[in-house]
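For reference, TrEMBL has these:
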type: DOMAIN; residues: B:142-205; note: domain 'CBS'
type: DOMAIN; residues: B:206-264; note: domain 'CBS'
type: TRANSMEM; residues: B:289-310; note: transmembrane segment
type: TRANSMEM; residues: B:316-341; note: transmembrane segment
type: TRANSMEM; residues: B:362-384; note: transmembrane segment
type: TRANSMEM; residues: B:390-416; note: transmembrane segment
type: TRANSMEM; residues: B:423-449; note: transmembrane segment
Number of protein chains: 2
Amino acid sequence: MSEAKNTSFEECLQKLIVSLEASLYEEATTQLANLHSAEIARLLEAIPPKDRAQLWLNIDTGTQGDILKDLSEEVRTQLLSKMEVDSIVEATESLDMDDLADIVPNLPESALHNLLLTLDHKHRNHLKRVLSYPEDSAGGLMNIDIITVRDDVTVRTVIRYLRLLKEMPIDTDQVFVVDRAYKYLGSIHISTLLTNEAEQNIAPLINKNFHPIVADMPEHEVANLFERRDLISAPVVDKNNQLIGRITIDDVVDVIRDQAEHSVMSMAGLSEEEDVFAPVLQSSKRRSIWLGVNLVTVFVAVFFISLFEATLQEKIALAILMPVVASMGGIAGTQTLILVTRGIATGRITTSNLKVLMNKEVAIGVLNGIVWSLVISAATYIWFADLMLSLVIALAIIVNLIFAAFSGAFLPLLLIRFKIDPALAGGVILTTITDVIGFVAFLGLATLVL
Amino acid sequence: MSEAKNTSFEECLQKLIVSLEASLYEEATTQLANLHSAEIARLLEAIPPKDRAQLWLNIDTGTQGDILKDLSEEVRTQLLSKMEVDSIVEATESLDMDDLADIVPNLPESALHNLLLTLDHKHRNHLKRVLSYPEDSAGGLMNIDIITVRDDVTVRTVIRYLRLLKEMPIDTDQVFVVDRAYKYLGSIHISTLLTNEAEQNIAPLINKNFHPIVADMPEHEVANLFERRDLISAPVVDKNNQLIGRITIDDVVDVIRDQAEHSVMSMAGLSEEEDVFAPVLQSSKRRSIWLGVNLVTVFVAVFFISLFEATLQEKIALAILMPVVASMGGIAGTQTLILVTRGIATGRITTSNLKVLMNKEVAIGVLNGIVWSLVISAATYIWFADLMLSLVIALAIIVNLIFAAFSGAFLPLLLIRFKIDPALAGGVILTTITDVIGFVAFLGLATLVL
C-alpha cells in the first residue's frame with residue numbers, strides 16, 4: 001500500500017512475467033497479494049490472455065470484485081466469461097452500486113439474475129435507478145451513498161447523527177440539505193461542521209450557490225464542470241429537483257482519462273477500450289476496418305493521378321516529386337485540424353468565433369505556402385535543373401497549403417453538424433482532400449505548362 | 001455560479017463577440033460580471049488578442065488574479081505584458097502560494113521584485129520553497145496550506161482547534177499528524193473526526209498505510225498515483241520525511257488534462273500551450289518547424305523513388321499505384337505505434353512484455369498483409385489487367401505491413417531509450433520508414449520482375 005511500490009510497477013510486472021513463463025501460478029498469485037486492486041488490474045492488462053485467465057482464477061473472489069471495476073471493459077468481459085455464475089455473484093455483491101452498474105452490461109444473463117436476487121429491495125431499486133440512465137450521463141456516473149440532513153437543525157444535531165452512522169461513505173466532502181419531499185436545497189461542506197460551534201444553526205451555513213447536476217447531463221459536460229469549478233463531489237437531481245445521488249471526482253477523473261484516450265486512439269481508428277494483448281484474429285479484424293477505409297480513400301487519390309498518365313509519361317520527375325506536394329499539404333492541414341478539433345472539445349472554438357479563426361488559419365496557409373514553396377522550388381531546381389518544374393511545384397504547394405488550412409478549420413465543424421466524431425474521421429478525410437488537391441494542382445499545372 | 005450557465009457557454013461567447021465587434025467594451029465587461037474565473041479565462045482564450053487585451057484592462061484587479069491562474073501560459077504572458085507593475089502586484093498578492101508559483105515564471109522581473117516585497121516573511125519563505133522544486137514535480141504541484149495535529153490528543157481537542165481556525169483551507173479532506181520535528185506520521189480523514197466520539201484518542205484513528213509523496217516525484221507519477229488510489233489529497237514530504245505540503249486533486253486533474261492535450265497536439269508537432277488565436281506570424285513560425293522536419297523526411301522518401309526512374313518510365317502504372325503501398329503501411333504502422341505509445345504511457349507495456357507484444361503485432365501484420373494484398377492485387381488486376389503488376393503490389397503490401405508492425409512496436413521503446421518523446425517524433429519517423437520500405441519494395445520488385 002505504499003507509493004514506493006508504485007514506482008516499481010515495472011519490477012512487479014517483470015517478476016510476474018518470469019513466474020508465469022515458468023508456469024508458477026501460485027507464486028504469481030502470491031506476488032499480487034499486497035497490491036492495490038487498481039494495480040492488480042493494470043498487471044492483468046499487461047499480460048497475455050492465457051496467463052491472465054489462469055492467474056485470475058487463483059485470486060480470491062473478495063478481491064476479484066474490486067479488480068473487476070478497475071479493468072478495461074474488454075479484459076473484464078474476457079475474465080467474467082471464465083467465471084462460474086456463483087463466483088461472479090460472490091465477487092460483485094459487495095460492490096458500490098455505481099461500480100456494479102458499470103459492470104452489469106458485461107455480466108452473463110444468468111449471473112445478473114442471481115445477483116439481483118441477492119440484493120435487498122433497497123439496493124435493487126438503487127441499482128435499477130442507476131441503470132435507468134445512460135452509462136455516459138451524470139445518472140450513470142453517480143453513486144447513491146449520500147448523507148442528507150434537514151435545514152432546521154444545529155451543527156450539534158448533525159454531528160450526533162454522523163456519530164450514529166459510525167462512518168461516512170468514501171470521499172464524502174459535503175452533506176446535502178433536502179426538504180421533506182427530498183427536494184435539493186443546498187450543501188454543507190463537512191469542514192464547515194468542524195469549524196463552527198455546536199449551537200450554530202445550520203441554515204446560514206448552507207451553500208445554495210451551486211445548482212445541482214441534472215441526471216441526464218452528458219458525462220463530458222460533467223467533467224468540464226468539475227474541472228472548471230475544482231469540484232470534489234456534486235449532487236445529482238432528477239427532473240423534479242429531487243436529490244438522487246452524487247458524483248465524485250474519482251469517477252470524473254476516469255471520464256477525463258477515457259476522453260483523452262479516445263481522442264488519441266481514434267486517430268488510428270482504434271477504440272480506447274482495446275486490450276493490448278487481444279487475440280491476433282480479433283485485433284486484425286478490428287484494425288482491418290480502418291485499413292479498408294484508408295484503401296478506399298487512397299484509391300480515390302490515385303484515381304486523380306491516373307488522369308494525368310500522359311503528363312507523367314512525358315516527365316517522370318513529376319512522379320518522383322508528387323509525394324512532396326501531397327505530404328506538405330497533409331501536415332499543414334493536420335496541424336489546423338488538430339488545433340481546431342481540440343479547441344472545439346475544450347470549448348474555445350464555436351461557430352461564433354469560427355470566422356476569425358478561419359481568416360487566421362488561411363493567412364497562415366498563405367504565409368507558410370509562400371515560404372515553403374520557395375524552399376521546395378529551390379531544392380527542385382538544384383535537383384532537376386528545370387525552371388518550369390520548380391515554378392509548377394511552387395504554385396502547387398501554395399494552392400495545397402491554403403486549401404489544407406481552409407479544410408482543416410472547416411472540416412471538424414462540418415463533421416459535428418453531421419454528428420460524426422471529428423477525432424475519428426477528420427484525419428482520413430482531410431488527407432484525402434490534401435492528397436487529391438496536391439496531385440491535381442501539381443499534375444494539372446504541369447499538364448498546362450510543360 | 002449555476003451549471004445552467006455552463007451549458008450556455010456558447011451563448012456567452014456569442015454575446016461577447018457581438019459586443020466586441022461593435023466595440024462595446026463596457027457592455028462586454030458587464031457580461032463577464034457573474035461568471036466564474038475559470039469561465040472568464042476560457043472566454044478570453046476564445047477571442048482574438050486585440051479584443052482580449054482591451055477587455056482585460058476593464059476587469060478589476062481582484063478578479064484578474066483568479067483569472068490569471070486559470071489561463072494557459074501563452075495567453076497569461078500576453079495579458080501580463082499589458083499590465084502596469086502595480087496592477088500585477090495587486091492582482092496576484094492574494095493568490096495561493098501554489099497558484100502564485102505557477103505564474104511567477106511569466107511575471108516581468110520588476111513585478112516579481114515588488115510582489116516579493118509585499119509578502120510577509122512566512123509567505124515569502126513558502127513561495128521560495130515551492131519555487132525550489134521543478135514545476136513538473138510533486139514539489140511544484142503542492143500547496144502549503146495544511147492542517148497538522150499531534151498524535152497524543154483526543155477528537156475533542158482537534159475539533160476545538162479547528163473551531164479556533166474558523167475555516168479550513170479549500171479541499172481539506174484530511175488533517176496530517178506530525179511529531180515534534182514535523183516528521184510525517186500519518187493522516188486522519190476529517191469525516192473520521194465527525195463520526196467518532198469526542199473522548200476518543202486520535203492515535204488509533206490515524207491512517208499510517210499511505211506513504212507520503214516525496215517532493216521530487218515527477219508530476220506524471222503523482223497523477224498515476226492519484227488515479228490508481230482515487231485520492232483527493234496527499235501529503236508531500238522532503239527527503240527527511242518532514243511534511244512540507246499537500247497536493248490536491250484539482251491540480252492533478254490539470255496535469256492529467258495537460259498530458260492528454262500534449263499527446264494529441266504533439267502528433268502534429270504543436271505545443272499544448274498554443275493560443276488558438278496567436279498572431280499569424282508567430283503561429284506560422286511555430287508550425288514551420290514541423291513542416292521543415294516533414295520536408296526532410298519526404299525528400300528522403302522521394303530520393304528512394306528516384307532510384308527507380310527507369311522502371312517508372314517503363315511502366316507508368318507504378319507511379320500511379322505507389323501511394324497505395326506507402327499509405328497502407330503508414331496506417332498499419334500508426335495503429336501499432338499509437339497502441340504501444342499509449343500502452344507505455346499508461347504503464348501496460350514495458351520491456352518485460354515487449355516480446356509477447358512484438359510477436360502479436362507482427363502476426364497481425366502478416367495476417368492483414370495477406371488479406372489486404374489479395375484485395376489490392378484484385379483491384380489492380382481489374383484496373384490494369386496486368387498479372388505481374390498485381391503480384392508485385394501484393395508482395396510489396398505484405399512486406400510493408402510486416403515491417404510497419406515491427407517498427408510501430410519497436411520504435412517507441414527505442415525513442416524512449418534515447419530520451420525522445422515517442423508521441424512527438426514517433427509518427428513522422430514511422431511514416432518515413434513505411435514510405436521508404438513501401439516505395440523500395442514495390443519499385444524494387446517491379447525492377448526485378450517486369
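Glycine is treated like the rest: Cβ placed from N, Cα and C.
Within the chain carrying the transmembrane segment (B:289-310), a Cβ under 8 angstroms from the stretch's Cβ atoms is held by residues 268-270, 318, 322, 326, 428-429, 431-432, 435-436, 439-440, 443-444, 446-447, all 6 or more beyond its ends.
Using a Cβ-Cβ cut-off under 8 Å and counting only residues 6 or more beyond its ends in the same chain, the transmembrane segment (B:390-416) has close neighbours at 321, 324-326, 328-330, 332-337, 339-341, 344, 351, 354, 357-358, 361-362, 364-366, 368-370, 372-374, 376-378, 380-381, 384, 422, 425-426, 429-430, 433-434, 437-438, 441-442, 445-446, 449-450. Taken through DSSP, the domain 'CBS' (B:142-205) splits into 20 helix, 17 strand, 27 coil. Note on the domain 'CBS' (B:206-264): DSSP counts are 27 helix, 16 strand, 16 coil.
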